[in-house]
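To keep things clear, I will list the structure first and then write my remarks on it.
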Amino acid sequence: MKLATIGVGNAGSKIIDRMLEFEEETGRNLCRHVLVINSARTDLAKPDYVPEDRRVLIGDTHQKAKGHGVGGDVEVGAEVAKHDIDEIRRAFDDVEIHEVDAILVAAGLGGGTGSGAGPVVIDELQKMYDEPVYGLGILPGEYEGGRPALNAARSLQSFVRKVDNFIAFDNDAWRARGQTIEEGYEQMNRELAIRIVTLLAAGEIDESEVAENAMDSSDIMRTLDTDGVSSIGYASTAIREEGEGLLDRFRNGEELEAGATDAAKIKGLVRRAVNSRLTLPCEVSSADRALVVLSGPPELISRKGIESARQWIEQEADTVEVMAGDDPRPNSPELAAVVLLSNVTETPRIKDIQSQAVDAQDKIEELEAVREEEINDLITDDDDKLDPVV
Ligand SMILES: Nc1nc2c(ncn2[C@@H]2O[C@H](COP(=O)(O)OP(=O)(O)OP(=O)(O)O)[C@@H](O)[C@H]2O)c(=O)[nH]1
């Protein structure tokens, strides 16, 4: 499909940047329009692939932001976006909406800008355009503590209510040992970009040019047209190595039982995608709809394999709404399967974030009450004989 992509806040902008990088590396052309919006000037300078004139600084005149970010304050994040809404709207005006099928808004939900300004941006997009608006949201890891969990739990409600579908990525599930946080983020961003671009770039090629089995943008949009929260699974296999690569072996051995071998491989790859680490761990059977895209050289994608993978997911996800198709990439060095599980309702991580958030909120309220009392105790004499000056 063809997308307008908007990153809000630091994590959102980094994800969009990695999507552009992966697109360029693989010759895809998904992101037809790009915009990043941030309240921190230094973070806006970071992207490598987002053009300079597609970066919008918000809140530089706001007393609490002043171009330095909103320091994790979600209320201030929303405030600065509302205050600078005209500027945001002007940046949207450049988007030739007839060129895109949908709009994707990416944000980290644990901070202040993505989680606070993101929903304001989405409101505006929904007002201005009829095209679907999808959210791509990063859930903070438990290790980040109570405040990010509280921001995320609140912002998740706003995002999910406002977007047509919310694709989630759970930092907790993707955290690796032995890495710094920044190294970890780099890897996670790359993994997420591969998944989202492989999924959504299917159908970007003009339908008349491709095989009848090819995935269509409307199939992806139909699968996403569920509201709710979604998760993505992915698996790939290299098909070319030095010398006689896997591709050659695949091709050479095919004559006799090509159909059976290819079909089994395709089904195996799709199984691996579903059983892999999902962007948001969830119960597969709780999905409302599902979609499978096989991306790679068309001669390796067996129609029988796609159909049997589709039937397998139908059983796993316990839904009749499973679409499957291919995304022919003749020069790709890999064969990849990406599975979208749309509107999953059983995902323990979201419940955990909510409970961490409730604890944090209770603690914040408690601390505020205690603090007021303590300040009062400190500045008044024991018998309360003294009065303030004015
Ligand atoms: N996966 C991933 N998550 C990130 C990355 N950077 C930040 N996060 C997550 O996103 C949340 C929000 O962080 P930022 O995006 O830096 O915050 P912001 O939205 O710019 O808001 P402020 O910094 O408060 O102005 C964090 O709590 C992390 O959970 C990243 O590069 N990758």
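Along the chain as shown, the residues are counted starting at 1.
Every residue gets a Cβ built from N, Cα and C, even glycine.
The feature GTP binding site is assigned by TrEMBL to G112, T113, G114, E144, N171, N189. Per TrEMBL, the feature coiled coil maps to 350-377. Residues or ranges marked as domain 'Tubulin/FtsZ GTPase' by TrEMBL: 2-204.
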- line: For N189 (GTP binding site), the same-chain residues 6+ apart in sequence with C-beta under 8 angstroms from its C-beta are K14, I15, R18
- prompt: Which residues does E144 (GTP binding site) neighbour through Cβ under 8 Å, counting only same-chain ones at least six apart?
  reply: G110, N171
- prompt: Looking at the binding-site residues T113, N171, which one has the fewest other Cβ atoms within 10 Å of its own Cβ?
  reply: N171
Message: So, three-state DSSP: helix, strand or coil for G112 (GTP binding site)?
response: coil
- line: Within 10 angstroms of the C-beta of G114 (GTP binding site), the count of other C-beta atoms across all shown chains comes to 35
Task: Tell me the Cβ neighbour count for G112 (GTP binding site), meaning other Cβ atoms within 10 Å of its Cβ, over all protein chains shown.
output: 28
Query: In this predicted model, what is the average pLDDT of the coiled coil (350-377)?
result: 94
